[in-house]
Amino acid sequence: MLIRSQDNGFNHPIASEITPPDAYLRRREWLQQVAMGAGALGMGAWATRDARAQMARPGKLAPLPGVKSAVAGASTVEAVTAYDDATLYNNFYEFGTDKSDPAAYSKQFKPRPWTVQVEGLVKNPRTYGIEDLLKLSAMEERIYRLRCVEGWSMVIPWVGYSVAELIKKVEPLGSAKYVEFVTLADKAQMPGLRSGVLDWPYVEGLRLDEAMHPLTLLAFGMYGEVLPNQNGAPLRLVVPWKYGFKSGKSLVKIRFTDKEPRTAWNVSAPQEYGFYSNVNPDVAHPRWSQASERRIGEGQGLFAKRRKTLMFNGYEPQVGQLYAGMDLRKFF
Ligand SMILES: Nc1nc2c(c(=O)[nH]1)N[C@H]1C(S)=C(S)[C@@H](COP(=O)(O)O)O[C@H]1N2
Ligand SMILES: [Mo]
């Protein structure tokens, strides 16, 4: 995203400046694994045309399986992004602003014990322990595109359930119009908090009807296992039709309000990051076009294959109605 520099201007570390793990080497490793027979072991439910993605569960973290979701549009048939790409190339500014920082500096992070406070304009405010949340509804697997405002995207097999399941339990009052999602800000565990790049804690928000949409996912896992720390353990939001920054990681509070919440990115650069932040190829970011994107794992720099960015990240049939009659240039 953007970094506030000392003179209080902004500069933006563009994705192409950061070198990902070498794609060729990864492919060769994979071919070796296949030759050894490992590639055939326990194909994930997310197996796609992409051979690399047909590997077994990564086997790095505790298993967290999910049943194939019945929610309309919940699983794209596109090739799944390789686990290494999805876990070594991250945005999680609490651990640093380089793409490699979250994986490098979240190793000691403790996702247990963990509680999430659900409060504000609801009939049943409550503090949930992570174990209660894991049991609250059946875990589903959903293969979502996630598109970062920086111009790259990934396809991830998430595990979780609609945040609507939790919202129904706490029963929002008629006056509740918005939901604020607050994420952890713990200086002892998160070295990135020493920087003033954002106004901590990282806060994001949705309109209540957006939060209630069945595609809006409360994710606890990915690739059939619990979330890696760098991807937002122990739970995060995933809003697939919005730019990635709307999907807050390591949630600690969900608050129902009658006013549009202030969001961390909007506070930091209001002219660049609006409240809605729907993926929209027709509305350029003030400093770059949003018309196309690079899929992580599909090359870098000159060799990068560019894909056309789709309206609402391809989820227009499911969510377009939420914005009927709105001027999406004004409400960007
Ligand atoms: N708490 C918190 N959540 C966050 C961020 C962050 O810096 N802090 N970055 C966001 C951005 S910009 C993106 S693109 C996605 C990236 O998620 P991923 O690393 O799992 O791909 O997380 C979002 N959630
Ligand atoms: Mo992002």
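Note that Cβ sites are derived from N, Cα and C of the backbone, with glycine treated the same way.
Unlike curated entries, TrEMBL annotations are predicted automatically.
Annotated Mo-molybdopterin binding site per TrEMBL: Asn90, Tyr93, Glu94, Cys148, Thr183, Asn231, Arg236, Ser247, Gly248, Lys249, in sequence order. The secondary structure of Asn90 (Mo-molybdopterin binding site), as reduced to three states from DSSP, is coil rather than helix or strand.
The domain 'Oxidoreductase molybdopterin-binding' annotation in TrEMBL covers 108-265. Mean predicted confidence for the domain 'Oxidoreductase molybdopterin-binding' (108-265): the pLDDT average there is 98.
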### Task
Would you mind checking how many other C-beta atoms are within 10 angstroms of the C-beta on Thr183 (Mo-molybdopterin binding site)?
22
### Query
What is the biggest Cα to Cα gap, in Å, among Asn90, Tyr93, Glu94, Cys148, Thr183, Asn231, Arg236, Ser247, Gly248, Lys249, the residues listed as binding Mo-molybdopterin?
18
### Message
Given the binding-site residues Asn90, Thr183, Arg236, return the subset with CB under 6 A from an atom of ligand 1, ordered by sequence, or none if empty.
### Response
Asn90, Thr183
